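Since the structure comes first, as structure tokens, the remarks are kept for the end.
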Amino acid sequence: MVASAPASAGTKGVIRQVIGPVLDVEFPAGKLPKIYNALRVETKNTAGQDVALTAEVQQLLGDHRVRAVAMSGTDGLVRGMEIADTGAPISVPVGEATLGRIFNVLGEPVDEQGPVNASATAPIHRDAPNLTELETKPKVFETGIKVIDLLAPYRQGGKVGLFGGAGVGKTVLIQELINNIAKEHGGVSVFGGVGERTREGNDLYEEFKESGVINADDLSKSKVALCYGQMNEPPGARMRVGLSALTMAEHFRDVNKQDVLLFVDNIFRFVQAGSEVSALLGRMPSAVGYQPTLGTDVGALQERVASTVEGSITSIQAVYVPADDLTDPAPATTFAHLDATTVLNRALASKGIYPAVDPLDSTSTMLQPAVVGDEHYRTARLVQSTLQRYKELQDIIAILGLDELSEDDRQTVDRARKVEKFLSQPFFVAEIFTGMPGKYVKLEETIAGFNQILAGELDHLPEAAFYLVGSIEEAKAKAEKIAAETK
């Protein structure tokens, strides 16, 4: 979808070269399209089949030629075909009409639910907000999830890296965050599927419908818009679909003045797509074969994710680390932009501790006394030191048993186990699987609960009372119920 075209639109050019997803196009003298303009081919190939393709201008080569990257497959294109300058960048629909729908990089619906009745469209390329528009005072973004709010709090308008393998609960955590921002913050979410599996994209859509995040009966009551450019798409689509999702999120922030969650899965694929077309665009490869513009490309995307005085975009980005090498230029460049990391741990998931967020590996720049306050900071550090001591003692316990520990260490282990259990929490979006009502826990309740456990006030309660509850009051009530059942 392309915005209303200016007078220069409609200039016809001729395709002179096609190499994979990259086209060289010749235009009449003095009528070259601008960088980032969308070019459109609508014709028939030699077999008589319809060919419809959009490409984005990347370079002006001289001799009245431009080089463009295709947003879909270039099958069927031949030299000499006509291609038209639309006179504007790729534009996508924005606003409430996008909720509950799935779009491709061009803003075209791909969910077979009919056309989108959007009242406005917006170009995917725009500048980051000016410094004068930014909300520079750090503010914690409360998620209602205990382990995140206490140990690795998110910054409103910040960027969070989500690390985790398959099957440890990434999708459920994403769904819960989408649900909580809608209920507690009156906000909406945008999900950008960048270069991941088509099956996962479909599964996510079905799970969103199942959990009520997408209301299939009344799409206007949905809480999320989806924008997909999956693994099977050409690199042009994977390189730009993140910007399409971001543009939809910016409208909710700037026009509707809402708090928005932007999910990008996976930010590494955005970089990978850029590196795929970089050499074809004639650029000299940089370290490990990445594009020389790596820092610029990532920065242009990340700097648009910000908190303004009108609203905020808080971004949660899944980060794939190639060969687990954190020094690889792609993840290393991404880390420079992150305010927090949420690491999901398979060992915790196998114990049944959900969400399986690692309390020791997850980090946040917000966890400092000047931002969160002394009590929150002290409680978080005490929780981490208790869990760290428990981790150190686990080898001794495995070899010699619990009885060989000193009195102090036994007390630490007992409290650490309760803390670990209390870091679990029933989710709203998982109610249909667990049969337990979801819980949103306020930050003050979270801090108070962990303080009571660490102070020894609840040493007399059984461990099981702390598992999959919301606030500490629920743990006490569960303990009474357990005691009554065992009498």
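Residue 1 is the first one shown; counting continues down the chain.
The backbone N, Cα and C atoms fix where each Cβ goes, and this holds for glycine too.
What Swiss-Prot says about this protein:
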{"type": "BINDING", "residues": "Gly164, Gly165, Ala166, Gly167, Val168, Gly169, Lys170, Thr171", "note": "ATP binding site"}
Q) With the ATP site defined by Gly164, Gly165, Ala166, Gly167, Val168, Gly169, Lys170, Thr171, which remaining residues of that chain have Cβ atoms positioned within 8 Å of the Cβ centroid? A) Leu344, Ala349, Ala356
Q: Counting Cβ neighbours within 10 Å across all chains shown, tell me which of the binding-site residues Ala166, Val168 comes out on top.
A: Val168
(Q) Fewest other C-beta atoms within 10 angstroms of its own C-beta: which of the binding-site residues Gly165, Gly169 fits that? (A) Gly165
Q: Please report the DSSP secondary structure of Gly165 (ATP binding site), reduced to three states.
A: coil
(Q) Below 8 Å Cβ to Cβ and six or more residues apart, same chain only. Which residues does that give for Thr171 (ATP binding site)? (A) Asp203, Leu204, Glu207
